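Worksheet for the structure shown next.
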Amino acid sequence: MEKAHADEFPLTTDSSEKQGVVCIFGTGDFGKSLGLKMLQCGYSIVFGSRNPQVSSLLPRGAEVLSYSEAASKSDIIILAMHREHYDSLTELVDYLKGKVLVDVSNNRKINQYPESNAEYLAQLEPGAHVVKAFNTISAWALQSGTLDASRQVFVCGNDSKAKQRVMDIARTLGLTPLDQGSLMAASEIENYPLQLFPMWRFPFYLSSVLCVFFFVYCAIREVIYPYVNGKTDATYRLAISIPNRVFPITALILLALVYLPGILAAILQLYRGTKYRRFPNWLDHWMLCRKQLGLVALGFAFLHVIYTLVIPIRYYVRWRLRNATITQALTNKDSPFITSYAWINDSYLALGILGFFLFLLLGITSLPSVSNMVNWREFRFVQSKLGYLTLVLCTAHTLVYGGKRFLSPSILRWSLPSAYILALVIPCAVLVLKCILIMPCIDKTLTRIRQGWERNSKYTQSALNGKSDI
C-alpha cells in the first residue's frame, strides 16, 4: 500500500469551493471584516441590516437585505451586534426558529451582566441554537490578515451539531476552534478578551514595590547620609549607581520568589501528609505566576547588565581614573597588586556571567515555541535543576561581591546595612530550605506523598468534604 505524502492533503478547505450561504446581522467593522474573509474562503454572504438601503462600504459580492429577508436565506446567522440591540430580535422569533445563531459580542467590563450575552440571547430566542464563537478575533486582524497571534477560537453551545457547523466555518477561515463545552462556558469566553495581563499583575506590583523600597533605601544611605554628615552632593548617583544596585537586587529576590512557593507547597504537603488537598488561594495564585515572576526577574537582570556595561563611559568613573593616575604621577607612588583582590573581583564577575547565561537559558525555554519542543522531563530539568543552579550562582555572585564587608561596621549608615545584605535574605532562606527538603529521609516521604500515599486517612475524608486547614 502506497503512503500518501502530507502535502497531498490540504490544511484548509479550498477557497474556490462554494461553501454555502451565511447570514451576518450587522454591518459594522467586525461584520464587514468577517464577511470579507468568508467571501474570500468561498462563502456566499448575506448581510442583514436595519437600513439596507443606506448600508455602504460592504464587501463586493455580498447581498444586503432586511433582517427578516436575510434570515430566510441561511441556516447560520452570525450576530455582529451589541447586546443592547438583541431586544430587536424578538420580532424575528418565527424567522430564527431552528437557526444557528452565532454570538460574537463582548462586553465593556468583566462580568458586566448577571448572565453571559450568549445565555441572554438563548433566553430571547428559545427556538434557536445559540453558539458562542469568534469573540476573541478582532476586526483589524481579520482585515489585515495578521491572525498568527490570535488564531484560536473558543466555541461553546448546547447543541453539538450547531457547534460542529460553526467549528467547520472556523477551520475554513484558517482558524483553530477549541470546543469549550456547553453555553455555561460563554461567560468565561466573553471575559477572556477583557482581561489585562491577569498573571502579570502580581509580578508587576511586587517588582514595583521592591524597586521603590530599595531605591529609597539606597538613596538614604548613598545620597542623604553623605549630605547630612559632610554636605557632599551625591545626587548624581540617582541616575546610574543606585538603579544599578536596585535592578540586580530585585532580579535576585524575584528569582528566589519563583522557587519559594514550590518549597512552601512541599512543606504544606508534608504537614498534611497528603496531596489530595487544595493549596490556599494565595499560594495557588503565586504558583501560577512563577513563569511571569521569572521573566520579570530576567528583565531586571538585563537592565543590570546594560547599566554595568556603561560604567566605563561615565564621567564620574573617568574622573576617578584620571585623578588617580595624576595623583600617582605627582607622588611617584603606585598601588601594589593584591592577588586576593584580583581573585575576588574575577570570581564575582565569572559567577555573574554564568548566572546570567543560565538565566537566559531559563527565559528561552519558558517561551511556548521552545517549551512545546521538549518533553516534560527535559522541561522540568531545565526549570528546576538548572533553575536552582542559577539561583546558587546569582546568590554566590552577590556573596562574593560583598566579601568581608558583611562583618565590617564601616558599611553601616545610620545603622542601616548595605542593600545587598537585605537582598540575600530570601535567596539564602530558599536554598537552605531546599537543602533540607532534598535530604533522603524527607525527600523519600515527600515523593511517596506525591505518588498518592497518605499519612492519615482523616485528610482524605476532609478533602472530600472540601475543608481546608489554611
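Including glycine, each Cβ sits where the backbone N, Cα and C put it.
Lifted from Swiss-Prot, the feature list:
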BINDING   27-30, 49-50, Tyr67, 81-85, Asn106, Ala139, Arg171  NADP(+) binding site
BINDING   Trp140, Asp148, Gln269, Arg290, Ser366, Gln383  FAD binding site
TRANSMEM  202-224  transmembrane segment
BINDING   Tyr217, Tyr307  Fe(3+) binding site
TRANSMEM  236-256  transmembrane segment
DOMAIN    247-395  domain 'Ferric oxidoreductase'
TRANSMEM  293-313  transmembrane segment
BINDING   His304, His397  heme b binding site
TRANSMEM  342-362  transmembrane segment
TRANSMEM  381-401  transmembrane segment
TRANSMEM  419-439  transmembrane segment
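Counting every protein chain shown, 22 other Cβ atoms lie within 10 Å of the Cβ of Tyr67 (NADP(+) binding site). Cα distances from Ser49 (NADP(+) binding site) to the binding-site residues Trp140, Tyr217, Arg290, Ser366, His397 are smallest for Trp140.
If you count C-beta pairs under 8 angstroms between the transmembrane segment (419-439) and each of 202-224, 236-256, 293-313, 342-362, the highest count goes to 236-256. For Gln383 (FAD binding site), the count of additional Cβ atoms within 10 Å of its Cβ stands at 20 [all protein chains shown]. Long-range Cβ contacts of Tyr217 (Fe(3+) binding site) within its own chain (separation 6+, distance under 8 Å): Leu416, Ala419, Leu422. Outside the transmembrane segment (236-256), and at least 6 residues removed from its termini, the chain residues within Cβ reach (under 8 Å) are 203, 206-207, 210-211, 214-215, 218-219, 222-223, 293-294, 296-298, 300-301, 303-304, 307-308, 310-311, 314, 316, 359, 390-391, 394-395, 398, 419-420, 422-424, 426-427, 429-430. The CA atom of Tyr307 (Fe(3+) binding site) is located 63 Å away from the CA atom of Tyr67 (NADP(+) binding site). Its Cβ placed at the centre, Arg171 (NADP(+) binding site) has 15 other Cβ atoms within 10 Å.
On a Cα basis, Gln383 (FAD binding site) lies 45 Å away from His82 (NADP(+) binding site). Within its own chain, the transmembrane segment (293-313) is flanked in space by residues 200, 202-204, 206-207, 240, 243-244, 247-248, 250-252, 254-255, 257-258, 356, 359-360, 362-363, 366, 387, which lie at least six positions past its ends and keep a Cβ under 8 Å from the stretch. The Cβ of His304 (heme b binding site) lies under 8 Å from the Cβ of Asn244, Phe247, Pro248, Ala251, each of these being in the same chain and 6 or more residues away along the sequence.
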